[in-house]
Protein chains: 2
Amino acid sequence: MTGITTAVPQPEAGLVDGVVVQRFRIGPLALETGGHLPDVVLAYETWGTLNADASNAVLIEHALTGSSHVARGESSEDGWWDGLVGPGRTIDTNRYFVVSINMLGGCYGSTGPASLDPEGKPWGSRFPFVTIRDSVRAEALLADLLGISSWHSVLGGSMGGARALEWAVTYPGRVQRCAVIACGAASTAEQIAFAQAQVQAIRLDPRFTGGDYYGSAGPEDGLGLARRIAHITYRSEAELVHRFGRAAQGMEEPFGSSVPGGRGRYQVESYLDHQAEKLVRRFDANSYVILTEALMSHDVARDRGSLSTALAAASAEFFVAAVDSDRLYWPRQSVELASALPGNVAVHTIESPIGHDAFLTEIAQLEPALAAAFYSNTDDGDVKESASALRLRAG
Amino acid sequence: MTGITTAVPQPEAGLVDGVVVQRFRIGPLALETGGHLPDVVLAYETWGTLNADASNAVLIEHALTGSSHVARGESSEDGWWDGLVGPGRTIDTNRYFVVSINMLGGCYGSTGPASLDPEGKPWGSRFPFVTIRDSVRAEALLADLLGISSWHSVLGGSMGGARALEWAVTYPGRVQRCAVIACGAASTAEQIAFAQAQVQAIRLDPRFTGGDYYGSAGPEDGLGLARRIAHITYRSEAELVHRFGRAAQGMEEPFGSSVPGGRGRYQVESYLDHQAEKLVRRFDANSYVILTEALMSHDVARDRGSLSTALAAASAEFFVAAVDSDRLYWPRQSVELASALPGNVAVHTIESPIGHDAFLTEIAQLEPALAAAFYSNTDDGDVKESASALRLRAG
């Protein structure tokens, strides 16, 4: 953050995992549980242009190990909701100013455990406990700096859904529309249980050393195991059985070997190894712990009375959706959320055999309903027309 | 095993976890994958008396972390199927000679990784890969020594079901009736995936040291984490949510703390901690790895053609049952097993909200059907009558 001497604060660009992000210093932040961060920076990306009255801003919130890279945009890296966001897409970046913010505590440019403290040392084990609500409060400070007093819409899936929901309840006046996909009103006992196992896997790795491993080899095995556990829960049993059955990986011999420890792998083991390796290459174990524990804390009704009382504070129009085969964020939770929301909120369904991950891979299924609910306003006819024209040309 | 000098081999008694077990040396064993154990001992318990023609022997097979202690008998320790097995019970020990054998590789008295090799050192990391089929072959040698050429019935749940099924197919002439409860014909991709995570948790613990930890503190944290993962899958999501919700444990503050790492626990975390601690006190981590990998290998059709071809070899009468809420050994797998078995085999259902563990806690639900199918033969009228009389007196 050198060279910023203007009176008006400005973001600066940075490169995170091959993607250019903006990084904006929002200053000190008091945390919900009494902790404090003296100097918070949030990383974010934007697509499109904020219009004159700042009425076209859309916030898209990422999931646990996601980043701000929702859409490819001008980079060469695929985004995680590329199909949904872009010129001529349902969330049309010719029409909307789309923002995505790396969560507080993350490792994609925002202040997190790998960031330096005021003395220039990585926070590591000293990084404080943060909640979904803490991140949303930080994000609101960033929105202020960006000149966005009210979001046209805020949406997200999984932990991104938790963040979107928290936005709508914490800042009723600042969220006009809110889409909560594959996420309930609070993390459940089972989600907490699987999350605890993941955090313990990281802590069990001797290379974790309490979280102060920067500068040496990190807890890659522990993070990999955490990812394995998580990934099983992100997919359905039926998909695992259908894709892999009991097949061996290549020429390996999973059925055992007379050499102790010489057992080869089943395909499903190799698949999970691959998922683990991919995450370990791109994600920081401390951030995994911090964000996982933040997600465990997710409870939009905390300190707000009953769930319906808490949700009654929101003035947004809601869009709720679930994946029919999700066995981590069960459709039942989306139904319970929708029932507790003011008004009659339907639950849209992504039909997929693969489980939770379909909120990423099958988001296209929600596009007609999302477009009809949020993104077909006729009060912006010109822009809409040009978007349609673009779509026609592209088609 | 000192002092055995008689020509006829004899078991000797030993005390395992406060329970008197018999231990019988069955000699060297060649393993399915080419390994070899030079001197195998199997631990077992019995209840009742073997009749003159050895026609009343019932084998009950334990699950992954179970022991031979099916029933309390004369000990003061509860058995894991106490309600099912005992004088006047459905499996009436006044009538049947009930045997339960600790699986090869286990830690309840049978030869396993904690046993001493011929040089007097614990096997540890050198203990070979064993399969369900290997254990069944060892158990058949024990049955020979006990004078049991054919079991009246063999039954088990979960891994015990896998062992029972393997018995019926490996030794068709020696199993007259076979009950397979909460277990399918083969371990599925998802079961393998969760099992891999558990084995990796143990291997990740620095105290595992490859499996050669005897004489020092063992991998208690890793074994505890393995148990946590397993235990979640043994219970249903609905049960966890209903029992624990998002409640805090006692006065702990799970919602976080301004002290890094100072987070208290949710009740469900404390519950899983308790499950982990209980297992760590009673189970050897190496045995957990060996038996888990044996269970991953479970596939009754391996090297036997198609599933129906493999099962056609069995001549037993089958009894198949599933827990309706089981999300580890899905009822679908029991249906597939029953469909592939010769004849028309019905699938009985344990109705329970708690998931897989109901094969232990709710076994009473199967007793009327089991009694009707296997244990109400009138060819042993006198014994049956006395059993009924006992039941009446007890009532």
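For all residues, glycine too, the Cβ spot is worked out from N, Cα and C.
In TrEMBL this protein carries:
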- A:SER158: active site, nucleophile (ACT_SITE)
- A:ASP326: active site (ACT_SITE)
- A:HIS356: active site (ACT_SITE)
- A:ARG227, A:ASP357: substrate binding site (BINDING)
- A:56-361: domain 'AB hydrolase-1' (DOMAIN)
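Sequence features, as recorded in TrEMBL, placed on the structure.
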residue	record	Cβ contacts under 8 Å, 6 or more apart
A:SER158	active site, nucleophile	A:ALA63, A:LEU64, A:ILE181, A:ALA182, A:CYS183, A:TYR329, A:HIS356, A:PHE359
A:ARG227	substrate binding site	A:GLN198, A:GLN275, A:ALA276, A:LEU279, A:VAL280
A:ASP326	active site	A:ALA182, A:SER236, A:GLY355, A:HIS356, A:ALA358, A:PHE359
A:ASP357	substrate binding site	A:TYR234, A:ARG235
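When secondary structure is read from DSSP and collapsed to three states, A:ASP357 (substrate binding site) falls in the coil class.
Taken as a whole, the domain 'AB hydrolase-1' (A:56-361) shows an average pLDDT of 96 in this prediction. The secondary structure of A:SER158 (active site, nucleophile), as reduced to three states from DSSP, is coil rather than helix or strand.
In this structure, A:ASP326 (active site) belongs to neither helix nor strand by DSSP; it is coil. Counted within 10 Å of its Cβ, the other Cβ atoms near A:HIS356 (active site) come to 27, all protein chains included.
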